[in-house]
Amino acid sequence: MKSYEVNFDGLVGPTHNYGGLSYGNVASQSNSQQGSNPREAALQGLAKMKALMEMGFQQGVLAPQERPDVAALRNLGFAGTDAQVIQQAAKQAMPLLVASCSASSMWVANAATVSPSADTADGRVHFTAANLNCKYHRSIEHPTTSRVLGAMFADQKHFAHHAALPAVAQFGDEGAANHTRFCRDYGQAGVEFFVFGRSAFDTRYPAPQKYPARQTLEASQAVARLHGLSEEGVVYAQQNPSVIDQGVFHNDVIAVGNGEVLFYHEDAFLETDKMLAELQGKLGKRGGNFQSICVPRSQVTVEDAVRSYLFNSQLLSRADGSMLLIVPEECRGNERVWQYLQSLTSSGGLIREVKVFDLKQSMQNGGGPACLRLRVALKETELAAVNPGVIMTAPLYDTLTQWVGKHYRDRLSESDLADPQLLLECRTALDELTQILKLGAVYPFQIN
């Protein structure tokens, strides 16, 4: 039976703005309070989805969240009609309104951790929504994330869904941005690679000093248990705390893996040799041949990696076994990074081609190609059980671009977030979107 890696990309929501909400994310902080263009952001994301679909890759779409999140503001003490809640928040606590309007759910690499059926004890695909408890604006995402994933992957014969881990710092979980799976074939048992920034309970592990480590070892271990993964199929590694302090807030900013290949920066991990040996040994026992490509700091610095998002790329396997790297335009703008990529593809190695995409609206908030997608490895029968409304096709692309053109503003500033009309625009758009994607009622305004 054939198996596929399906990339489900996050559709950018109508309230995409530069709120500067993500401490430790250099791009998010440095572009704070600039004017944004939600329409352009959504169309840039859709263009990437269409391009991958046309290249022959399986591509899906993940719906955005309801924003402003009026229920979240009510939980913080604002009362009255929805319009009054928004106006009160704007007057009394603008940062809370900005947080409740964040379109950060577009970065669906943080939506959940996914384990394919070949790895799990019960032979189903397992999903655990990430609690994202490190940042308030993201911690409010997981209830809707769970409902959307449940509507996309509804068949309980094939799919199992777990609630987010306890929303406390000890179980800080950032989802697939700190998780990669290595395998010989997507349908065969593989090795799941969990990367953490600190341990909550074991003081022997070092931690960053400047920026927070968002993923704990204990959270990764809990997800592996929930998914029924075997010890032989799991490797845990610690991200280098010094790179977290340089703006590497998720592992997908400093490494990317796919199939049998890990592409990583020399400074990405602690105890790298031990980690590589464990990956090689465990994948070898599952019939795979683990290979790694290390980018030396002498050629690309950590700062270059963070500015260009070289590693926040998509590493994709072509039918002929060669690999393709999808990178943001910013890689071409960095001389050292671009020079490295040219030498990489001309060396006759595993990565043969680089494709560049303009994702500037997302990049200015600190999210590149890898942030925008959630990978789900599916067997043919499982893919057939996915809600067909969320699988990208040429007609769906056309419908979604028209939908964006109809509902999205082309300019949004912080003061616009206080406009109650924006809430109505967003709800109207999302109500239509759930019909387009055949999701049913998943948003609070549709349920309550």
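Even glycines carry a Cβ here, placed using N, Cα and C.
Secondary structure from DSSP puts ARG138 (substrate binding site) in a helix. Counted within 10 Å of its Cβ, the other Cβ atoms near ARG138 (substrate binding site) come to 23, all protein chains included. The substrate binding site annotation in Swiss-Prot covers 19-28, ASN110, 137-138, ARG214, ASP252, ASN365, and the record cites sequence analysis as its basis.
Packing around GLU174 (active site) is summarised by its Cβ count: 31 other Cβ atoms lie within 10 angstroms of its Cβ, all protein chains included. The active site feature in Swiss-Prot is assigned to GLU174 (among others); the stated evidence is sequence analysis.
Taken from Swiss-Prot, the feature active site applies to HIS250 (among others). The secondary structure of HIS250 (active site), as reduced to three states from DSSP, is coil rather than helix or strand. Around the Cβ of HIS250 (active site), a 10 Å sphere holds 28 further Cβ atoms from the protein chains shown.
Residues annotated as active site, nucleophile in Swiss-Prot: CYS371. Under a cutoff of 8 A between CB atoms, and with a sequence separation of 6+ in the same chain, the neighbours of CYS371 (active site, nucleophile) are MET106, TRP107, VAL108, ALA109, ASN110, ALA177, HIS250, ASP252, ASN312, SER362.
Rounded to the nearest whole angstrom, the C-alpha distance between GLU174 (active site) and ARG138 (substrate binding site) is 10. Cβ contacts within 10 Å of ASN110 (substrate binding site), excluding its own Cβ and spanning all protein chains shown: 30.
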